[in-house]
Amino acid sequence: MVTKSKSGKSASKSKSAASPARKKKKTKMAGKTTSTAKQKPASKAKTAAAPKRKPAAKRPAVKKAAPKKAVTKSAKKTVTKKRTAKTAAPKKAVAKKVSAKKTMQKTVRKASPKKTVAKKTARKTSARKAVAKKTVSKKVSAKKAAAKKPSTKRTVVKKTAAKKATGKKAAPKKAVKKTAKKSVTKARVAPKAAAPKRASAPKKAAAPKKAPAKKRTTKTTTAPRKAAKPKTIAKKTEMTDTTMPPAPEAAPEPVQPQTERDWSETLFLPKTEFPMKAGLPQREPELLQRWAEMGLYGRLREKGQTQDKFVLHDGPPYANGHLHIGHALNKILKDVICRSQSMMGKDANYVPGWDCHGLPIEWKVEEEKYRSKGKAKPDFTDSEAIVAFRRECRAYAEHWLNVQRDEFKRLGIEGDWDDPYTTMNYKAESTIARELMKFAMNGLLYRGSKPVMWSVVERTALAEAEVEYQEIESPAIYVKFPIMFATDENPDPGFLQHASVVIWTTTPWTIPGNRAVSYSPSISYGLYEITQAPEDNWAKVGERLILADALAETVKNAARIEGWNRAGDVTAGMLSQVMCAHPLRDEDAYRFKVPLLAGDHVTEDAGTGFVHTAPGHGADDYNIWVESEGLLRDRGIDKTIPFTVDEAGFFTKDAPRFAGKRVVDDKGKFGDANETVIRALMDAKALLARARYRHDYPHSWRSKKPIIFRATPQWFIAMDQNFEAGESLRTRAMDAIEATRFVPPQGEKRIKGMVETRPDWVVSRQRAWGVPITVFVHKETGDVIPRGDFNASGELIDRIAAAFEAEGADAWFVEGAKERFLDGLVDDPNAWEKVGDILDVWFDSGSTHAFVLEQRPDLKWPASLYLEGSDQHRGWFQSSLLEGCGTRGRAPFDEVLTHGFVNDEDGRKMSKSLGNVVSPQDVIRQSGAEILRLWAMSSDYADDLRIGPDIIKANVDSYRRLRNTLRFLLGNLAHYRDDLTVAYDEMPELERYMLARVAELDALVREGYVVYDFKRVFHALLNFCVNDLSAFYLDIRKDALYCDPHDSLTRRAALTVMDRLFAALTAWLAPMLCFTMEEAWLSRFPNDKGSIHLRDFPDVPEEWDDAGLREKWRKVRQIRRTVTGALEVERRERRIGSSLEAAPVVFVADEGLRGALDGLDLAEIAITSGARLVAGEGPADAFRLEDAPAVAVVFARAEGRKCARSWKVLPDVGADPEFPTLSPRDAEAVRQFDRRTGQAG
């Protein structure tokens, strides 16, 4: 049976037939709605239709149609507005002319809101066309004859006639004049109508009463225009089976009562309250309210008390702003994992968290509370001001935490929302401080001066995870460093005397900070003497330049050198024995030696083969400077690293002649420093060439402005200093990576490469909102407490932690804090400096395992899984790894799962400027959170994902298919009771095959959830619902479900299997589609006080897992696919309307394929009224599929009569004299029905 939803969407593409009696019932199942004559419904429940089944032909009408009479122009309005079912005016037979015929046809077409649908319906079968044409062109004499004697020919009712009220005698028709066309159309569309029943007893008709056409009325209930669906109308007129007894034409005389009963009441039609139209935006909040009221989270915790724990530790998002689509993806993945683990027997408690400290929140507070109002930022040296500012930050974070919490809950995320963790919780701040002081105790925390990534705009150092790269254009310069000095070991520079080493840089402003030049021992260098150059060139004839041979030609072109000679090789040994002068050297400044240092970081990919080295402005520069400490000391070179740029981006006095010039301003724009330095180099005749160069440059991820590298005093955690057991933090971290499982596997390589090369971890920030670096530094000695050899360290740590737990980290900033913590522990508290920096927020979040996993009894340490975006390999994954390895010797996780970023439909990054941002809130309002969940599950999260209107639409379609399948199961399970259950051994083979598929799917689903392969799970279940159920099993079994006797083994077995299917599907899909599966469960069990989410995946008996049966039915389905393909050709050519009109001859050449059909009813499987299996290849013109050449099909029509109840065409229809229009099977079903309902006898 195929019905139609209110939206008009077909539930199935199948063309197989259903009972005509079924067609008369009005249903609201997926498919096409069919309205019929009024009849007493068996139940108030909405009936359900199976996916992919479509009736082939409309049942013929048996009521007589009155002869048509012309409608006069004056009667136009009356005909349109008034009709009555109680009385009918007799019709006068009038001759129809060609013009009247055309007018009638146009009017009929106008009655349909959709012309294309009407056309399609009108073309349904050639038989209908012939009958319609014949009816329209009848002569007056034929009409008069029909009025006297009922015709034995079938009359095809036009679409407009199908809309008339039924159950009472229809008003006689009149020929429609062209002038009355619009009014007649309205009159035919508006009334709520049903098709006339075949074989149903007519209601008592009113006595004929002749009246003027102007007064003719029909008293019927008028439905809204939109209720008249053109597709439904078309179906009512479809008549393809010419073997059925034709309906007599209506005559003016009263219709006599019929003896044929309404067979629809004897069918087991689906019925359910589960609507096809989901209404997710409205239904989902109702389910959320139900879960809250029933305490679902608490009941899940009760369920898991005796189960092993599975802990997914939530990486904390910033409590800042509304959720974006990346947040939605992240939380949906986490929710599906926890729900699936719970349904596989684990205690999967999800505790959400938020990162509440740090620059993002502080920056927003400054913007909203100060900059936007023209107020000056608070003076953080004032204890009262900084505490007040911190309170504003806390309030801001609290606000957005609550907003985001509601948005996460709306996605259906189940977790401990009443008690989440936050990094600003007092106990959390206390634990973070303790974790930091553990590094102080083991000697890994130290204060040093290193170049750090510095944001001038935000006035703070940034961690690697807080930096992103954007393409910019920079000035690129080639600078000459003249060789002027030799080492003590070799006082004669030899033929390098008066030569220059050439460097290339895109940051001219770093030249004042230069202290060395680096080279590589593995690069071949040469000495090039210029022989020809333009007179106005910076490169002069006679100059001698040392360059990497591989890059010499590039430099020559850039410097516009017209000719030179290569004077000889320059070896690494030669370079190690000479020193250069600074290019800005003069009588007053830069009068120091510039050594040449060998470094592995030098390459010949670009530049000159030499690297200008400013140890205060780059990590590589700093590292080689520190590593060369001995060489520098031996050569009498000052090792001090100059602080040439201050926190505001200005040159300091350590950059002679440039103090006050600015590198970057407060708005993130490059200042005048670059150009000033370039002009100075030109004046010093040290500039060889200049150009513009496009390259990636680091920017702050928050302000989106360029950063600079500058040396500042900072606090670091050492990566390579040995501590416990002689291991370094880097060594421990690398070992921990090896012991961790990464999903996808390439994540291991990525994080390993980052940890292997990362510098020491800079953990200090010069900001106000965060956990302070809780150490003290002696003003004279530089000693740091707490430390391992300080006897009072334990007491000091306890004092600080206790104060933070009681008052929060604000306790560090209030007046008198130093004395409060040091009194009685040191001789003179005033001799110690309280550090004013705060911790990097990555240290905060990296410590969450300590105050969440270890301190909550409902969780465990280490976590089973960490799950975040792929950018967290350098962020939370890495900070957690280092914090865990530094304090506990291992990583705080067993597995790490990463997902990609979300782009638009075209793969572009989302941005407001492009207008391609997809908001999760918008999707939820329009389609529901369930569609977002389905999108996340159907996508390959390991790679970057895409989303947009078309992708959402495709996911809505997939959702409807799943919902349609569930609806059909629910509709039929309304007839299921436990006493109808059939044991596995007694089931037909088709049912056992479906259970074998269930067993196969059970293994796939469980494995997929375990390895987090959600895409595979979802598509396997979607394909099962669409292909195995809707298009195959349920389509085959509709006949048995609807028409078989009540106690039929096939029917009972099918219901038993459907019960098992419903239990499995709802459980398997519940983690993904949490709302819909709950709705489906409650639709079947409305009195259940529990939830589908409190259940486990159902156990599958071993006997179901029959691989041999699956293989056999794979062959059967191959044969069936060929048969249905052949029938589709016949249907497309309009030779049949229903597969039940066919009895194909099936040729199977392959013995193995043919043997698969042993003991099976091919006609039942193919949904035909008959089928004949023949061994052999079949005729050349038989239908074949390219991928199944061993199967050929020759079409043949079914022989016999059409059963009035099941529509099957069988030779034994009428064999039972009590039921002359039914097959024996249907006759027995009706007898059982009558006995059960008390209608027998």
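Along the chain as shown, the residues are counted starting at 1.
Including glycine, each Cβ sits where the backbone N, Cα and C put it.
The following features are taken from TrEMBL:
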- Glu868: L-isoleucyl-5'-AMP binding site (BINDING)
- Lys912: ATP binding site (BINDING)
- 1-20: compositional bias 'Low complexity' (COMPBIAS)
- 30-50: compositional bias 'Low complexity' (COMPBIAS)
- 51-85: compositional bias 'Basic residues' (COMPBIAS)
- 93-185: compositional bias 'Basic residues' (COMPBIAS)
- 186-210: compositional bias 'Low complexity' (COMPBIAS)
- 245-255: compositional bias 'Pro residues' (COMPBIAS)
- 1225-1241: compositional bias 'Basic and acidic residues' (COMPBIAS)
- 287-947: domain 'Aminoacyl-tRNA synthetase class Ia' (DOMAIN)
- 991-1141: domain 'Methionyl/Valyl/Leucyl/Isoleucyl-tRNA synthetase anticodon-binding' (DOMAIN)
- 1-260: region 'Disordered' (REGION)
- 1216-1241: region 'Disordered' (REGION)
- 317-327: motif ''HIGH' region' (MOTIF)
- 909-913: motif ''KMSKS' region' (MOTIF)
Among the binding-site residues Glu868, Lys912, the one whose Cβ has the most other Cβ atoms within 10 Å is Glu868
DSSP tally for the motif ''HIGH' region' (317-327), helix/strand/coil in that order, comes to 3 helix, 1 strand, 7 coil
On the motif ''KMSKS' region' (909-913), the mean of the pLDDT values is 86
DSSP puts the residues of the motif ''KMSKS' region' (909-913) at 0 helix, 1 strand, 4 coil
Spacing of the two Cα atoms, the residue listed as 'ATP binding site' and Glu868 (L-isoleucyl-5'-AMP binding site), in whole angstrom, works out to 24
